[in-house]
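To keep things clear, I will list the structure first and then write my remarks on it.
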């Protein structure tokens, strides 16, 4: 074995020792708390039917207690101790009576307590005081945990009417007890404290697990563990005399043997989910076997009580031990990469329940061993030995919870690693995106600079085109005036001088128009009066060129700034064309959507 495996084995063994030590210390402290110390056992004080103070007798046969003398007579009555266990009692079937006569019981509040009898009626001094399951007998009841106390007078005669079945007389020496009320209540609290505490713990684990499953239904392990705890908690509560003090749970307690098959189905489903079907599919086959056992037992609980008792009695205990051994072997044989610690704790739980069930089997078959343990460990025999099945289920559930915790811890580690990997990927992707963003910004900056240069050139071209239209019109008129002045210089100096003055005025006007055009580029042209601009432009043209412009303008429709600019700059262009070619140019403008035409004619 390598050093790593030795360290792992040592750590696991230490965990086992700590776990078992904690369980043992908890049981010792709980025993001391329940018993009021560990030195002196505080067992219940009472009288059973074998006590001489009660003078218990039995009558195999029916009688009418209302008839005077039947209850007090001697005919047909025998000593109880001599009849119980005899062949006549074992063969008898029908009604039989038990009589107890008492006085001076030295009890403050004597009470009679009957347990383990499925059908009875109690008479005190000839009066019926309690009847159970008499009128319509229900065979599906379990009265071993029944807690009904019948108050008794200081002295008198008690008659018990019982019914023997196929197995003969069913009462035992301790089936009927007489005890003081305070002692009986104290006894119930002490003897049922373990079951109550374990039941509360099981109920809590079941509630938490089922709630976790409802919030995360993709993981059925919570469901299986919750059902396992629910089955064990059900057994603890229905088999508690303290519960029967408040409500008669005899009918529900009859189905207690189904708790273990039900819990085993949930446990094996838990293991199958965690480890798979196992070697030779033993885990799956065991789950199917337990499910079949549970369903068949549930069916026979109604159909055939004898078959129900046979299926859920010692035979099931033997089957349970075999199933746990087979499942443990199967999982070990098919062991693969499993969450750390889960298999080891599963084996511990199976081993503990295996040993406890073996002990229970030995004590039920070897009475001398039970007496030997009681003489040396009375507190264990009184408080823990009757509850060995619940204790086995509790330790079993704790180990299963440890398996679940290990599995969830392993899943958490895997999720943490996955998150770390995802965080690294996110960081890498973020860095890539930032790098691409910078590249895109650089590309967009270069593109914007190029677009800016293009827009600048386009703006320059547009401005030069508008200035060309304005200056072209003025300069053509100026050239005409100067040409006329040159020709008139020798003939008519005064007229030539006038032409030169007009040319100079035209140049000045052209410069003013250029400034105006620049201003118009900045101003809001949409709010300008287009007709007024056009009339001003044509008036200047008439003055410079000496020609007459025929104007025909109807009211113009509403135009946007772009169209106003287009019309304004189109007229000088047409005037320029007039000087390039003969003819009478006409400028038509169609109002959008209205069908009206405006004509500007240049001569």
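Glycine too: its Cβ is placed from the backbone N, Cα and C atoms.
Residues 388-408 are the range that TrEMBL records as transmembrane segment, among 157-177, 388-408, 409-429.
Checking the ranges 133-154, 221-242, 441-462, 463-484 against TrEMBL, the transmembrane segment annotation falls on 221-242.
Within the listed segments 105-128, 345-368, 489-512, TrEMBL records transmembrane segment for the stretch 345-368. Cβ atoms under 8 Å from those of the transmembrane segment (196-214) belong to residues 30, 220, 222-223, 225-227, 229-230, 232-233, 236-237, 240, 242, 387, 390-391, 393-394, 397, 401 of the same chain, restricted to positions at least 6 beyond its ends. Comparison of 12-34, 221-242, 254-274, 388-408 by number of C-beta pairs under 8 angstroms to the transmembrane segment (286-303) places 254-274 first. Of the candidate ranges 221-242, 315-333, 388-408, 388-408 contributes the most Cβ pairs within a distance under 8 Å of the transmembrane segment (12-34).
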